[in-house]
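Copied over from TrEMBL:
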- B:35-55: transmembrane segment (TRANSMEM)
- B:98-118: transmembrane segment (TRANSMEM)
- B:139-160: transmembrane segment (TRANSMEM)
- B:172-194: transmembrane segment (TRANSMEM)
- B:206-222: transmembrane segment (TRANSMEM)
- B:253-274: transmembrane segment (TRANSMEM)
- B:310-331: transmembrane segment (TRANSMEM)
- B:357-379: transmembrane segment (TRANSMEM)
- B:408-430: transmembrane segment (TRANSMEM)
- B:436-458: transmembrane segment (TRANSMEM)
- B:470-491: transmembrane segment (TRANSMEM)
- B:511-532: transmembrane segment (TRANSMEM)
Amino acid sequence: MTTARHAIDVCGLHKSFGRTHALDGLDLHVGTGEVHGFLGPNGAGKSTAIRILLGLLRADAGAVRLLDGDPWADAVELHRRIAYVPGDVTLWRNLSGGEVIDLYGRLRGGLDRARRAELLERFELDPTKKGHTYSKGNRQKVALVAAFASDADLLILDEPTSGLDPLMEEVFRRCVGEARDRGRTVLLSSHLLSEVEELCDRVSIIRRGRTVESGSLADLRHLTRTSVTAELAGTPDGLSRLPGVHGLEVRGGRVRLQVDTDRLGPVLRSLTDSGVRSLTSTPPTLEELFLRHYQDDLPATPVEVGTR
Amino acid sequence: MTAVTATEFAPRRSGAGQLAGTGALVRLALRRDRVLIPVWVAVIALAVLSLPGALESMYGTAAERAEVARQMLANSSLRATYGPVFGDSLGGLVAWRIGVYAGLFAAIVSLVVVVRHTRDEEESGRQELLSSAMVGRRAPLTAALLTALVANAALALLITGGLVGQGLGPSGALALGLGTAGVGMVFATAAAIAAQLTQSARLAKGLTGGLLGAAFVLRAAGDAAESDGSSVLTWASPVGWLEHLRAYADERWWVLLLLVGAIAVQGSVAYGLAGRRDIGMSFLPTRPGPATGRLGTAGALAWRLQRGSVLGWGLGFLAAGVAFGGITGGATELVGDNERTREIIERMGGRSGLTDAFLGSMAGMLGMVAALYIVQSVLRQHTEETSQRAEPVLANVVGRLRWASGHLVIAFGGSVLLLLLGGLGLAAGYGGRSGAVIGACLVQLPAVWVIGGCAVLLHGVWPQAAPAAWGVAGAALLIGWLGPALNLPGAVMDLSPFSHLPELPGGPMTWGPVGVLTGLAVVLVAAGLAGLRRRDLLT
């Protein structure tokens with residue numbers, strides 16, 4: 001196993017297909033042994049970035065280090081230490097699932113027979129069925145069993161659970177947890193926020209081929225706003241002048257607002273001064289966090305929403 | 001409570017609902033085939049329409065034409081190749097020289113089009129989405145057959161109109177046009193049945209292609225046996241019906257009924273099957289496979305994917321070799337041996353000795369068909385890549401060169417195997433001269449490899465255009481089959497690698513061109529592989 005601090009180091013990565021700029025200065029740093037969430041709206045460039053990491057596409061510009069190697073030049077050697085699950089698994093129609101699992105195992109330089117059997121059981125996968133008879137979820141299980149049964153240091157998973165049922169998703173989460181416990185690094189591209197929240201130590205959010213946010217979930221939460229709804233005895237005073245207050249709505253004694261989480265204190269003090277009858281404060285949900293980054297017309301800097 | 005009767009769940013037997021959405025599906029198919037169909041139809045029509053002028057310049061007078069017809073009719077090997085000559089008018093010669101091949105090519109386009117819009121769509125899962133809309137159970141099959149009908153009707157129209165426009169009689173032109181389109185539709189409906197029976201589009205095309213090959217060989221054997229096409233073998237072959245129409249030789253219109261009948265019978269069988277089965281399924285059950293696999297290398301995977309195809313082609317080559325060898329004996333039956341006869345044979349791409357000439361042209365034909373195999377086999381990489389199956393394989397400890405070399409060994413090695421089998425068959429059927437006959441087959445290899453090299457180069461350097469390798473093979477085929485008859489200039493003939501091969505058996509073995517072609521193939525493959533290493537994978 002590598003002793004490097006980072007399993008993946010990507011700086012200023014660019015990749016264009018004709019006139020389309022799929023990646024436009026992407027940065028991605030994944031520490032060794034961490035489970036890293038890779039998030040972004042559809043078409044943000046996640047799969048392109050993953051294919052560059054796998055040496056299937058060639059970067060136009062930027063620096064990429066993967067397990068202390070160059071993913072393009074050292075592709076084959078690096079792949080010995082990588083297991084990959086594509087988002088859309090296609091199998092050969094006349095090969096059985098078991099044959100494909102074993103093929104990938106051998107092509108990767110070996111797989112753990114005991115773990116293979118155990119995983120087949122946990123994922124409830126029938127390995128004797130032919131490729132074209134599997135459902136989408138079962139095709140993904142074939143790739144997942146092959147990946148988790150391998151001894152790879154780095155697991156690259158591109159939306160691996162999009163076809164799994166909730167029970168199987170639970171199995172998947174436990175497998176990722178076990179991989180982390182064995183010291184593996186996992187890059188997990190996903191749209192399931194609960195999955196990301198449960199599994200990931202750190203996340204990177206990309207939009208239009210660029211990293212817009214990166215850090216631990218706690219860090220990211222801190223950057224977002226808390227929603228506050230209050231019913232007051234008197235009329236609130238000076239709320240709109242407080243820093244960090246957004247979307248203030250005042251209807252009689254009823255106040256709704258959003259406030260940057262690190263500016264919550266002064267707002268609460270101001271509300272208390274006006275006599276609080278009831279108060280609800282909702283911490284930012286992950287959805288809000290992501291929606292903020294996913295929304296297309298997001299301005300570069302947050303602007304104050306005027307009072308109506 | 002409402003009584004639920006069993007009839008409510010019985011499949012609807014009739015009604016327009018079964019065909020709902022056909023119009024939209026036909027438009028979709030024509031939109032998707034907007035290049036494929038026009039190019040094929042134009043190439044076939046051009047091949048037919050360029051013949052009258054070429055044949056007229058070669059055999060200008062009625063006496064010359066009568067002599068050619070007499071010679072051709074007397075020689076069983078030539079009858080096997082082109083069919084008997086029924087009329088010695090210019091139109092009669094055109095129909096004789098091209099008819100069988102126009103039908104053959106129309107059949108290939110038709111079967112490709114039908115499978116492409118039926119089983120291919122189901123296999124890829126696209127049909128499921130289409131069928132969830134207002135699309136009837138039998139609409140996809142109907143749309144595919146209508147699309148094939150559009151292509152064949154356009155072909156019939158071009159052939160008929162073009163021949164009439166060149167001053168040849170309208171009724172013969174119509175017979176040739178309708179016969180060509182009829183053969184096309186016979187194999188369109190045969191492909192429709194195959195698409196219901198198998199779950200794999202590749203297998204459906206292979207089965208129908210095998211049927212077409214068998215029909216061609218049946219006709220060839222029948223025509224070798226009888227000079228007036230009366231052999232039962234010829235009558236058993238739909239390709240034979242085309243010559244039985246006797247375009248430009250007192251047309252026998254009732255033969256069209258045979259074509260129409262076959263189309264109707266096969267069409268209704270396909271329709272019956274299509275209405276009775278589930279989407280994506282077939283009548284041949286899928287057996288479970290092994291729970292553990294022995295495949296361990298990219299090369300083993302490539303062999304596993306291609307072995308069925310290699311086996312099918314191999315059996316075809318052996319059978320075709322035996323059949324062609326068996327009819328070669330008749331090449332000596334040529335009446336007289338004068339300057340004229342030699343010229344006729346040479347027009348066919350032949351050489352001095354008649355038997356040698358015939359064996360040589362059969363070896364050449366096997367070589368050109370092997371070019372189709374090598375393109376198909378090389379392009380398997382392209383299919384793997386575009387279907388995203390190459391991506392996870394290459395994400396393993398598999399270098400691109402190793403991945404490609406597995407497929408290339410099968411493509412290039414397979415071509416050796418095929419021509420060896422074809423040569424063995426030819427020698428066995430002919431009954432002697434094994435060494436010379438097998439040698440004549442194997443000497444085709446450098447030309448086959450050059451075509452394969454073009455496919456490797458395209459796939460490596462310009463993968464989006466990789467299917468154009470079919471165009472390269474098709475062009476070499478057309479030059480080889482029609483070049484001499486069309487009196488093409490030498491520069492054009494030289495474009496085909498097959499034009500440079502030594503004329504075996506009989507002619508001297510020339511190592512120069514063989515070495516140059518082999519070297520060229522090596523360069524093409526090396527350049528293609530270098531390109532593959534450097535480029536992005538198609539995603």
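Just so it is clear, glycine is given a Cβ too, placed from its N, Cα and C backbone atoms.
Within the chain carrying the transmembrane segment (B:357-379), a Cβ under 8 angstroms from the stretch's Cβ atoms is held by residues 77-78, 81, 306, 309-310, 313, 317, 320-321, 324-325, 328, 331, 345, 348-351, 407-408, 410-412, 414-415, 418-419, 422-423, 426, 430, 433, 436-437, 440-441, 443-445, 447-449, 451-452, 455-456, 459, 466-467, 469-470, 472-473, 476-477, 480-481, 498, 501, 503-507, all 6 or more beyond its ends. For the transmembrane segment (B:253-274), the residues of the chain that approach it from at least six positions outside its boundaries are 137-138, 140-141, 145, 175, 178-179, 182-183, 185-186, 188-190, 192-193, 195-197, 238, 241, 244-246, 283, judged by C-beta separation under 8 angstroms. Below 8 A, the CB atoms of the transmembrane segment (B:172-194) and the transmembrane segment (B:511-532) form no more than two pairs separated by six or more positions in the chain, fewer than 3 in all. By the Cβ criterion (under 8 Å, sequence separation of 6 or more), the transmembrane segment (B:98-118) is not in contact with the transmembrane segment (B:408-430), since fewer than 3 such pairs are found. Note on the transmembrane segment (B:511-532): residues 400-401, 404, 408, 443, 446-447, 449-450, 452-454, 456-461, 497, 500-502 of its chain, located 6 or more positions outside it, place their CB under 8 angstroms from a CB of the stretch. Among the recorded stretches B:35-55, B:206-222, B:408-430, B:436-458, B:470-491, the one sharing the largest number of Cβ pairs closer than 8 Å with the transmembrane segment (B:139-160) is B:35-55. If one looks beyond the transmembrane segment (B:408-430) by at least 6 residues along the same chain, the residues whose Cβ comes under 8 Å of a Cβ in the stretch are 299, 302-303, 306, 310, 313-314, 317-329, 359, 362-363, 366-367, 370, 373-374, 377-378, 380, 437-442, 444-445, 448-449, 452, 456, 525.
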